[in-house]
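Some features that Swiss-Prot has for this protein:
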| type | residues | note |
| --- | --- | --- |
| BINDING | TYR131, ARG151, HIS187, TYR189, LYS223 | heme binding site |
| DOMAIN | 106-282 | domain 'CRAL-TRIO' |
Amino acid sequence: MSAVEAPSASQAIWPELTEDHPLSQLNSRLPTILSEAGHSQIWGVTLTYSTPPTFSTLIILQKFLRSVDNNVDEAATALGKTLKWRKDWGLDAPADKKEKENFGPDFEGLGYVTKIKKNDGGDEIVTWNVYGAVKDLKSTFGDLDRFLRWRVNLMEEAIAHLHLATTSTPIPDFNAGIDPHRMAQVHLYEGVSFLRMDPHVKAASKATIELMAANYPELLSRKFFVGVPLIMSWMFQAVRMFVSAETAKKFVVISYKENLANELGELEGVPKEYGGKGLSLGELQNQLRGEDAVTSS
């Protein structure tokens, strides 16, 4: 099978694929997967079957393959389920027909999406979950469906900034290199009591973890838990025992919020209260939205 050219940059090509390559095998199943799901859109990409495969389709297929160690059967099943889920949730409706949901004051200040310059010089999208901003636990977490829609909305905004449909950078095969199309995630626990676990919070946390694991594979590069009391850091160490080594490597526990900037990246992209030199989270988010608006116009 010939090398695949990126539609947005003719000079960028995907490494040549053999007929028995996992990507080639998964691509050959696309007609059935798309037909059974009744849906073909995901993360800004419209999946299409062709030989050779389109560059953006390979980006999506590679993420699903890497998430299951190149098991083609498992990747095909997972992709089909995710496409059906996205159809049911109406996540890929055209912008002019998609109503922007207003989640109200219960979610104000709880989530942000920004961009930083990593220590290695590359850009990275960051999602911020500010649990200390919750005003009323029941109002925010009590309606599980509404909470999950809010959390998915935050994730979808972050993914949009990855520009998966137009990238010209391929994803290496499983165990052959780092996926460059991922984001960091910061969980801020300042002001949160670790001594009691509200049942609504527990249910929302469990449902969110399951939903994200099933429908958003290979999208996180690093996961920071900030403001965790030293006495509770053992809990996160224990969690490492129950997840894969690859997932555990992404966990970074930080007890003092001022130490976050040194771990995350360039100081100008991190607010001052977290050890950086940047603007507030809201201002950094608006800055990113403005940059993308100019780029897409």
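Backbone N, Cα and C atoms are what each Cβ position is placed from, and that goes for glycine too.
Bear in mind that the values here come from a model prediction, so they are computed numbers and not experimental data.
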If I restrict to non-local contacts, at least six residues apart, and a C-beta distance under 8 angstroms, what lies near HIS187 (heme binding site) in its own chain?
ASN129, TYR131, LYS223, PHE224, PHE225, VAL226
Average pLDDT across the domain 'CRAL-TRIO' (106-282)?
88
For heme, whose listed binding residues are TYR131, ARG151, HIS187, TYR189, LYS223, the greatest C-alpha pairwise distance in Å:
17
Least buried of the binding-site residues ARG151, LYS223, going by other Cβ atoms within 10 Å?
LYS223
On a count of neighbouring CB atoms within 10 A, which of the binding-site residues TYR131, TYR189 is highest?
TYR189
Helix, strand or coil: which one is TYR189 (heme binding site) in, per DSSP?
coil
